[in-house]
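Database features (TrEMBL):
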type	residues	note
ACT_SITE	108	active site, proton donor
BINDING	11, 12, 13	N(1)-(5-phospho-beta-D-ribosyl)glycinamide binding site
BINDING	64, 89, 90, 91, 92, 106	(6R)-10-formyltetrahydrofolate binding site
DOMAIN	1-181	domain 'Formyl transferase N-terminal'
SITE	144	site 'Raises pKa of active site His'
Ligand code: GRF
């Protein structure tokens, strides 16, 4: 199984996947890592691991449709079986979803369908839920929508800040992502 991983940020989930592949516990090949912006830690991690790394910089494109087309072309070139959005902070175009229908996996730091969007952890705290968590799902053209593959609950502690809660969620998120990718790879 070949995957392309898309990142926007620090790439700690990506690092967990890289490590699991390296130690033999995750039977797949990371064909490439792509980002929507240059100079992120995620891109650095990927390059440091010797992986094919590409950037389709959102800011380089005057028209959104041109960026959409460039991203699709860049990812499709690697002929991945699955594309993994791991902290990739862009909604992709319907053309991308169509090209990778049922093969575009997203991770989200909340128990969907609760708290979709870019601030899932902050929104869960603001609402006052006592349990939140993480979701790995097949993404469709909506914001954090599409069939859920697996979820892990995480308890919200009274003293939690967005940062402390997100860190605990990310521990669960990494484990869940690796479990799901392993299941897909072994299927
Ligand atoms: C993850 O919690 C992801 O679900 C969210 O942003 C975080 C990405 O973290 N959207 P990292 O880039 O893998 O460190």
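Including glycine, each Cβ sits where the backbone N, Cα and C put it.
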Spatial neighbours, same chain, of residue 90 ((6R)-10-formyltetrahydrofolate binding site) - Cβ under 8 Å, 6+ residues apart:
8, 36, 58
Once near-sequence residues are set aside, which residues in the chain of residue 11 (N(1)-(5-phospho-beta-D-ribosyl)glycinamide binding site), 6 or more away, have Cβ atoms under 8 Å from its Cβ?
33, 40, 41, 42, 43, 44, 45, 46, 86, 87
Filtering 90, 91, 92, 144 (recorded positions) by proximity to ligand 1: which pass a Cβ cutoff of under 6 Å to any of its atoms?
none
Between the binding-site residues 12, 64, 89, 106, whose Cβ has more other Cβ atoms within 10 Å than any of the rest?
106
Say we define neighbours as other CB atoms within 10 Å of the CB. Which of the recorded positions 13, 91, 108, 144 has the fewest?
91
Excluding near sequence neighbours, so keeping only residues 6 or more apart in the same chain, what lies with its CB under 8 A of residue 92 ((6R)-10-formyltetrahydrofolate binding site)?
68, 71, 72, 85, 104, 139, 141
Helix, strand or coil at residue 106 ((6R)-10-formyltetrahydrofolate binding site), per DSSP?
strand
